[in-house]
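*Asks:* First, the structure itself, so that you have it in front of you.
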Amino acid sequence: MQSMQQVVARARAAFNSGRSRPLEFRIQQLKALERMVQEKEKEILAALKADLNKCGHNAYSHEILGVLGELALTMEKLPSWAAPQPVKKNLLTMRDEAYIGYEPLGVVLVIGAWNYPFLLVMEPLIGAIVAGNAVVVKPSEVSENTARLVAELLPQYLDKDLYPVVTGGVPETTELLTQRFDHILYTGNTAVGKIVMAAAAKHLTPVTLELGGKSPCYIDKDCDLAVACRRITWGKYMNCGQTCIAPDYILCDPSIQSKVVENIKATLKEFYGEDVKSSPDYERIINKRHFQRVKSLLEGQKIAHGGETDEASCFIAPTILTDVSPESKVMEEEIFGPVLPIVTVKSVEEAIEFINLREKPLALYVFSNNKQLIKRVISETSSGGVTGNDVIMHFFLSTLPFGGVGHSGMGAYLGRYSFETFSHRRACLIKDLKMESTNKMRYPPGSQKKV
Amino acid sequence: NPYAGLVSHLRASWLSGKTRPMEYRVAQLEALGRFLDEKKQEILEATELDMGKPSFEAFFSEILLCKNELNVTLNNLCHWMKDEHVDKNLVMQLDSAFIRKDPYGVVLIIAPWNYPIHLFLVPLIGAIAAGNCAIIKPSEISKNTERLVAETLSCYLDTDCFAVVTGGVPETTRLLENKFDYIFFTGSPSVGRIVMTAAAKHLTPVTLELGGKNPCYVSDTCDVTNVAQRVVWGRFFNAGQTCIAPDYLLCTVEMQDKLMPALRAAITEFFGPNPRESPDFGRIVSDKHFRRIRALLGSGRVAIGGQTDEAERYIAPTVLADVLPSDPAMQEEIFGPILPIVVIANMDEAIDFINARPRPLAIYAFSCDSKVVNQVLERTSSGGFCGNDTLMHVTLTSLPFGGIGNSGLGKYHGKFTFDTFSHHRGCLHRNMGLETLNAPRYPPYTQQKLGLLTTTFEVKRRGTCTLL
């Protein structure tokens, strides 16, 4: 069993050899990843089913499709992204070459999460490879089947020294974090995010932290409630609520609360049938610990729908809570489960104030027919990203940066943003050794004329 | 927590939305311009008292370069603030997708003593332009400038939104206990670590502009006179107290011999036969730094200069020849008017030497052969790079200025400062209608739905990459 130090040292030596830099090499590795995803699709789907009871459709559309898309995009764009970018020159530099060069950072650490265990390891890995780095991959041990599969598969397809996979839990990750990396991308929760950043600080390592929070969802009185609730139901209960950008809670006027509940109920029936537990399309909570955590949030709450649980299978039914008090436990932490609290507010001002009193969330959702109202909510709040009149979807547009702000994270990635996150933008000015006369005015001795 | 009141006052101003309208930001930026114009004399005097900064240099770095940044920002602010619309995929053709530039909130700018106005003002320009409130913490070591800033900035900027905090290490430590929404720090790597560790407690994003030993490679094929002038200018500007100064020279023994008279000639041309009498040569900022730098004179042999005067904190423009990698001058960033020359056999050895050390803020390479310059550029890593000159790459506002590894993280200047202090928020504003288009994503799942999703979401390769 190798120590973390040895694994990282080997990756660093491999990076220093320079072989991860040529564009041809990067594309070759990305192509190998593409082959891996295509050839091992069955195994990947099976691991996701074992970890989260994710059905084939969800697993494919949420985790595999996105990865294939990112691979195609990065292979396509790499030459243009990696090209030096000439910049506007001033009078003094008119005859010089001035540009921004994109260079790899070195050895990147990617720490994945358990909720989209394949996606959240692959997307950062793709970004780090396309930028020319070596990458140490640490999948989440909580989603153990996917972790095991990633540890088996990556060495079969990728350069073993440049892209090692490290498995293990808290002690192993803590040891890993004592090593020096040139960038760390961590996906997970706020508390561990602080630990990662503190460890990174010792080496002055830049970090991208994709964290979480309570993503609010404001439903205006003036909106097509049936459509809004349909979209919200989809985003809230996919992956059994275990999505960092799921709408965490609803804010709406008391007068529409019961209509909201009715519409969500109807949609749930349409999606999962009468007996949710027997629907092949509904996932489970990842493990007993999280099951207990989410279940305890139901205590003392008014359950308008759902509430059934089964510990043996980590099943929690899609649940709606009404008239939730802002001080209750369910409103304190990110739910990360299929429980949807509704907090009533009398106006959009109250909703905005409510949101601003809390930590900045990863996503913010607002439903309204009134464009101005949507614009207002966006401009008077802060969040990682926003989708208006839908949920989740901003994640699927790779031309938008995906990341948090404040407690929901720092930095962004996906698409071109991954390339930029994992690259160093080096300012380059190449002058002529001749033409010294133009430099005379800056040299001492100083004079008014020179000034 | 002695600063809690101040921070919450600024936070309340921030929440009121005062700093967000463009007119407000422009007004504050214009006020900064008036500060530079009206207090020009005071700035030149304060920096002269602090480190004997020649007024020519002070005007160039503290006034002119700052005004450039101000004007670039004022000229482009409207454009920078606009929502940036992005390309959409098939599914989102009828939606609106854009990136908003949101301010972070209350930011902290910690500035060092060597360019005491420039290094708080240029970040502040970006912070204001991006719509934030800010606390400025100037360095206590440049105490005359600190006093000037503390006393006069409040006459120009809105004191509800911008405040100056003075003090030393204990005060800065207490200040860092508070939650900020961004911290911009310029200083040493060791303090950079402390700042980032404090920031981690609140998950505050940071930009750290640090330092290191900036190598300067001089190849055998070069115009010795021009090289000497450009290197002397860059090394002895501000008496060597510049984060991007060429810290040490790498060249062959033959080039060392050729360069020495040229370096001597350039120093004499710039500062006269006795630089101590030149109004164009600065002094060391403090007794502690004076003694630190003086101790480095024992490295190699003094080929030019070497004179010191403790009372004046004067150290002559000095060139040390035949310096060994183990010598004191090669163990730390010099930050003083001493240029060690380390002899190497050839370019490859120079590159290996550079790569064996922490990545610096800047790398310089001089050669008449552009291939040589490009080799050094391509085979090394640094914050920035300048071929055939020193310092100049940071005067171009369209180039990002920042470090890598030990020399820092993040970047600024020009639009990069505005971007540093903004949160780029991805926004997708969808159509409430056309719900049928969403059907393939909803359960119950079918093979047909999956097929539809795949077709609409998939990014297909348009053709083989021309490289393969």
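Glycine is treated like the rest: Cβ placed from N, Cα and C.
All annotation found in TrEMBL is predicted automatically rather than curated by experts.
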*Asks:* For the record in TrEMBL, which of the ranges A:23-50, A:331-358, A:387-414 is the coiled coil one?
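*Replies:* Checked against TrEMBL: coiled coil maps to A:23-50.
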*Asks:* What is the pLDDT of the coiled coil (A:23-50) when averaged and given as a whole number?
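*Replies:* Mean model confidence (pLDDT) across the coiled coil (A:23-50) is 97.
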*Asks:* Quick one: give me the count of other CB atoms within 10 A of the CB of A:Glu210 (active site).
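*Replies:* Its Cβ shell of radius 10 Å holds 26 other Cβ atoms.
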*Asks:* Cβ-Cβ under 8 Å from A:Cys244 (active site), same chain, 6 or more residues apart: which ones?
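*Replies:* Result: A:Ala113, A:Asn115, A:Thr187, A:Glu210, A:Leu211, A:Gly212, A:Leu362.
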